């Protein structure tokens, strides 16, 4: 929702993982784990161990993280905390959609139908989150617990210069002020399109906040947030019905802000569809709850701990796990030996 509707007006920069070498990337953990749950499947169902516990998230997190480090990227995963109260409606809608999809999954007769609805019912519960944190600890990969929205924490770390960019599929990172957003960082490669079934090549994309503002003809992040509010955000999911992307952009360009629209004929319609005053919605993006309580250290992986967790407890192949650990050790050594590989992007 929101900025995603402006996709046709925004031109991201297509790149590859090698171009991100030497960069610290704060990855939206919930976003990445949900991708793993919905794409790493067998016969339309997530991977499971012999006790029926889901392992797709562990599979994706292990091998994708190793791949990123091998490309010279320093990932740090950021986990969501308590969502703001205004997000409850969005979360309730998601819950209802999952219940509807669950009923369709029960009636599914083909593999394609099972895969489709299995993706829609995937849930990231507390046990899966704790699994992921335990795995990252054993891998020596840092993670951060956000007090509220994970993307807000990622953006804060990027603004502070502790990481170079946010890694997420969602455009909200830009609303939270991340100077750079890297999309598709955890799903690079050939993938089956979730709706058409077509095999497509997925490549990383970089979106710079300054470039997005320039392409949209906006002067500030505050204007970008007001634009998103008109289109709909997680805190006002319906936006303002009847005001599409182009009309919303025209209004913000012409009047400068939602506040300046209060004396126009269109304001009663806008006000009717906002759950609270615009300033309260703005503050969720411009002044989100974040923390400085984090340390970014990439440590030596605990090979035997990983074997105990993944092989003995979760039925992974010992040979594959040990090979992954060896790859991770070698990649981390290369990072320490080579240091930060500056690119021209560092100067912009």
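Placement of Cβ uses the backbone N, Cα and C atoms for every residue, glycine included.
All protein chains included, residue 28 (Mg(2+) 1 binding site) registers 29 other Cβ atoms within 10 Å of its own Cβ. Residue 28 (Mg(2+) 1 binding site) falls within a strand segment according to DSSP. Marked as Mg(2+) 1 binding site by Swiss-Prot on the basis of sequence analysis: 28, 80, 149, 151.
All protein chains included, residue 234 (Mg(2+) 2 binding site) registers 22 other Cβ atoms within 10 Å of its own Cβ. The Mg(2+) 2 binding site annotation in Swiss-Prot covers 170, 172, 234.
According to Swiss-Prot, the region 'N-domain' annotation covers 1-98.
Summarising the annotation, Swiss-Prot assigns region 'I-domain' to 113-256.
What Swiss-Prot records for 340-348 is region 'Interaction with PCNA', and it gives sequence analysis as the kind of evidence.
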Original post:
Which of 80, 170, 172 (the binding-site residues) has the most other Cβ atoms within 10 Å?
Top reply: 172
Original post:
So how many other Cβ atoms are close to residue 151 (Mg(2+) 1 binding site), meaning within 10 Å of its Cβ?
Top reply: 29
Original post:
Within 10 Å of the Cβ of residue 149 (Mg(2+) 1 binding site), how many other Cβ atoms are there?
Top reply: 27
Subject >> Between residue 172 (Mg(2+) 2 binding site) and residue 151 (Mg(2+) 1 binding site), the C-alpha gap once rounded to whole angstrom >> reply: 7
Subject >> Per-residue pLDDT averaged over the region 'I-domain' (113-256), given as an integer >> reply: 91
